[in-house]
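Chemist: Let me begin by handing over the structure; questions about it come next.
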Amino acid sequence: MTLISAPRIGIAGITGRLGTLCAEEAGSALVGGLSRTADPQRNITTDPAALAKNCDVVIDVSHASTVPAHAAAFAQAGCAWVLGTTGLDQGAQDAVNAAAQHIPVLQAANFSPALTLFLELARQLGAGLPDYDAEILEVHHRQKLDAPSGTALAIGRAVAEGRGVSFEDVARTDQNGRRPDGAIGFASLRGGQIVGEHDLVLMAADEQITLSHRALDRRVFARGALLAARWLAGRPAGLYTMADALKR
């Protein structure tokens, strides 16, 4: 393994809100970006292969529909891939898993270091309080496309993992009817310009505990993405998480 101390960084989704912040944080390490509209003066292309050939690592904060094409292009180029896009269907996730056989891929629903530790606490709470009702509330800006958020689903998966059960068997996004024992419920709110709020509530008849995270500035995600990119470049092929990057 030969780590790269100053990797050349590309950004897929560079003209979006988070992509723009990632570009600012990357500074002189930025070599170009990927968007739906090319801008040669800014080294922005519409071709993922053209971007990847000039990069050591690409931070991908684009759209779920682009993931299969990006997976193929980045794997072919041998370019490390930091993937923060959420709302993937099974076909897109299969493409990510296949790419990780050839290149290092760090996949995260949320790049916040504090939220990464939140997930570990969620696992511990799930394991330690297996009979408590688990509910997850998430609030985001009105433009967000997926609900529940990828981060909320990651929290639910962490609780299920702590309890040693299949997330798919216990996730409850349909709120009609009596609450099943062992279910993990979700509630989503959309409005205004809220960056991101997540609460995990575990409830029993005589007590409850709430674990909360509030993102106050979207730049925390950009800084986390850059941390992940610099950690990932030069790693062996495989599928990594933000928790791996924080062990640096």
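All residue numbers here begin at 1 and follow the chain in the order shown.
Each Cβ is built from the backbone N, Cα and C atoms, and glycine gets one as well.
If you look up Swiss-Prot, you'll see His140 marked as active site, proton donor/acceptor, on the strength of sequence analysis. Residues or ranges marked as active site, proton donor by Swiss-Prot: Lys144. What Swiss-Prot records for Gly13, Ile14, Thr15, Gly16, Arg17, Leu18, Gly84, Thr85, Thr86, Ala108, Ala109, Asn110, Phe111 is NAD(+) binding site. What Swiss-Prot lists as NADP(+) binding site is Arg36, and the listing cites sequence analysis. If you look up Swiss-Prot, you'll see His141, Gly150, Thr151 marked as (S)-2,3,4,5-tetrahydrodipicolinate binding site, on the strength of sequence analysis.
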Chemist: Quick one: pull the CA-CA distance for Lys144 (active site, proton donor) versus Phe111 (NAD(+) binding site), whole Å only.
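Modeler: One finds 17 Å between the Cα atoms of these residues.
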Chemist: If we check Cα distances from Thr151 ((S)-2,3,4,5-tetrahydrodipicolinate binding site), which of the recorded positions Thr15, Arg17, Ala109, His140 wins as closest?
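Modeler: With Cα distances computed to Thr151 ((S)-2,3,4,5-tetrahydrodipicolinate binding site), the winner among Thr15, Arg17, Ala109, His140 is Ala109.
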Chemist: Can you list the residues of the same chain, besides His141, Gly150, Thr151, whose Cβ falls within 8 Å of the (S)-2,3,4,5-tetrahydrodipicolinate site's Cβ centroid?
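Modeler: Along the chain, the qualifying residues are Thr86, Ala109, Asn110, Glu138, His140, Lys144, Asp146, Ser149, Ala152, Gly196.
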Chemist: Cα of His140 (active site, proton donor/acceptor) to Cα of Thr86 (NAD(+) binding site): how many Å, rounded?
Modeler: 14
Chemist: Which number gives the other C-beta atoms within 10 angstroms of the C-beta of His141 ((S)-2,3,4,5-tetrahydrodipicolinate binding site), all protein chains shown included?
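Modeler: For His141 ((S)-2,3,4,5-tetrahydrodipicolinate binding site), the 10 Å Cβ neighbour count is 14.
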Chemist: Give me the Cα-Cα distance between Gly13 (NAD(+) binding site) and the residue listed as 'NADP(+) binding site', rounded to a whole Å.
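Modeler: Their Cα atoms are separated by 8 Å.
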Chemist: Closest to Thr15 (NAD(+) binding site): which of the binding-site residues Arg36, His141, Gly150, going by Cα position?
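Modeler: Nearest listed residue in space: Arg36.
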Chemist: So among Arg36, His141, Gly150, all listed as binding-site residues, which is physically nearest to Phe111 (NAD(+) binding site)? Use the C-alpha atoms.
Modeler: Gly150
Chemist: Identify, in sequence order, the residues in the chain of Arg17 (NAD(+) binding site) that are 6 or more apart from it along the sequence and have a CB within less than 8 Å of its CB; answer 'none' if there are none.
Modeler: Arg218
Chemist: Between the Cα atoms of His141 ((S)-2,3,4,5-tetrahydrodipicolinate binding site) and Thr86 (NAD(+) binding site), what distance do you get, rounded to the nearest Å?
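Modeler: Thr86 (NAD(+) binding site) has its Cα 15 Å from the Cα of His141 ((S)-2,3,4,5-tetrahydrodipicolinate binding site).
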Chemist: Have a look at the binding-site residues Thr86, Ala109, Gly150 and say which one has the shortest Cα distance to Arg36 (NADP(+) binding site).
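Modeler: Minimum Cα distance from Arg36 (NADP(+) binding site) across Thr86, Ala109, Gly150 lands on Thr86.
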Chemist: Have a look at the active-site residues (His140, Lys144) and report the one with the fewest Cβ neighbours inside 10 Å.
Modeler: Lys144
Chemist: Enter the number of other CB atoms within 10 angstroms of the CB of Gly150 ((S)-2,3,4,5-tetrahydrodipicolinate binding site).
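Modeler: A 10 Å sphere around the Cβ of Gly150 ((S)-2,3,4,5-tetrahydrodipicolinate binding site) contains 19 other Cβ atoms.
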